[in-house]
Amino acid sequence: MSLDPRGALVLFSGGQDSTACLAWALEHHAHVETIGFDYGQRHVVELECRVQVREAIARSFPLWAGRLANDHVLDLGLLGQISDTALTSARAIEMQANGLPSTFVPGRNLLFLGFAATVAYRRNLSVLVGGMCETDYSGYPDCRDNTLKALQVALSLGMATPMTIETPLMWLDKARTWALTDRLGGRALNELILEHTHSCYLGDRSVRHAWGYGCNACPACELRRKGYEAWCAGA
């Protein structure tokens, strides 16, 4: 079976990075679908944000609206049941003895991409797009370029058809991610990201800061804030 190379499935959480990837995919692919996962995350509010982001993109960007198609949300609650992490329980966010933060959910991206590949195969889409990055990131091994290249080979072999994993943010820091979305959609897209996307690990949307909503203390908020400030300083 040969899948359509013009179509892409974006792993879309409703955060800044996955929204940047969605915009990138809409600019580069003729048909774009999205997939999200409910895995018992503390910041489950992101599932509401992803709906708002899709609606806002469709309103603000008519060309992209014509390319934006089906949305899929999978229930992966089992992942929250088998992992004891600060993303899926009320644990403190801290560095662990193994050098990884307590927010690391082992195998999360491997599972996400595996399930996404299954949906993509059924939907005749050959490209998966993800916001994984090893520039500004927390050291998660399943975000690394070599991990994703190996997984691309495994998925292609396992599906008996070529599949591609595109990671447009892999070598971009957060400041350059803001610059990317500015190039793709200008001020309108960046304002949409500021207002509607969610990054905070604690799910806090009580206060909008200059860089968006969040607790302003967790690692995700820190990365987003510093990236926005660096982009503003250099813009």
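Quick reminder: no glycine exception, Cβ is built from N, Cα and C everywhere.
What you see is a predicted model, and the numbers here were worked out from it, not measured in a lab.
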Name the residue, out of Cys200, Cys232, that Swiss-Prot lists for the same Zn(2+) site as Cys215, Cys218, Cys221, please.
Cys200
Near the Zn(2+) site, what residues other than Cys200, Cys215, Cys218, Cys221 in the same chain have a C-beta no further than 8 Å from the centroid of the listed C-beta atoms?
Ser199, Tyr201, Leu202, Asp204, Gly214, Asn216, Ala217, Pro219, Ala220, Glu222
